[in-house]
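The block underneath contains the structure these notes are about, expressed in structure tokens.
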């Protein structure tokens, strides 16, 4: 039986030792590349954070460009980064069209004559009311408010506004209505309280203003977004270098043993 040369044994041992080292090093290198690939989309997603598209347009999710809205179909009325424009409002059957929808303004609708809509009925137009018996109308019905009525005093009552003074025609022999009271304050009589004015004197703490987050020198700034990028000299790269050095040492030992 032929004897296996020492050189062949030496080559087999070297291959058996270096293959696991190279395989492990390749796996470590692939793991180092993964964080770099995940950071790229995150940076692209925040690249338009400080920019906004003008009114009448929106931000495209695919290209990041500002796409214009369609006249009469959708709109945006302020700077934005919306993925799409807002659809124009369509006036209901109980409303009339006041102004059309543009790229920067929605449709304006209002209730038809004889109807109104206010805070109590924002979803629909209601029919204007009529003053009940014993009351007179002081304001007309509009598209945004119902009529206003007040009680009627006497047959010849004259009403100017809801808060107006009442004028009554008196016939001879009828006691005249009491005259308006005039509040004249004599010395020593406390005057009616005037409107309260908030005036701060020196030493009085002023009302708290809006809180402004300002960092002074030496104050840690808010944490920024983490970017996982490994540079040469990080633990992963050092590990790869250590594996290579170990393989070289093993190779030298084998040379000393078999040669």
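Each residue's number is its place along the chain shown, starting with 1.
Keep in mind that glycine also has a Cβ here, set from the backbone N, Cα and C atoms.
Source: prediction; values computed, not measured.
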Matching range for Swiss-Prot feature annotation, region 'Disordered', among 3-29, 30-56: 30-56
Among 140, 169, residue with annotation N-linked glycosylation site (source: Swiss-Prot): 140
Alpha-carbon spacing, residue 140 (N-linked glycosylation site) to residue 77 (N-linked glycosylation site), which is rounded to whole Å: 33
Neighbour count (Cβ, 10 Å) for residue 140 (N-linked glycosylation site): 10
Summary of DSSP states over the repeat 'TNFR-Cys 2' (69-109), given as helix, strand and coil counts: 0 helix, 12 strand, 29 coil
Listed in sequence order, residues with CB under 8 A of residue 77 (N-linked glycosylation site) and six or more positions away: 55, 104, 105, 106
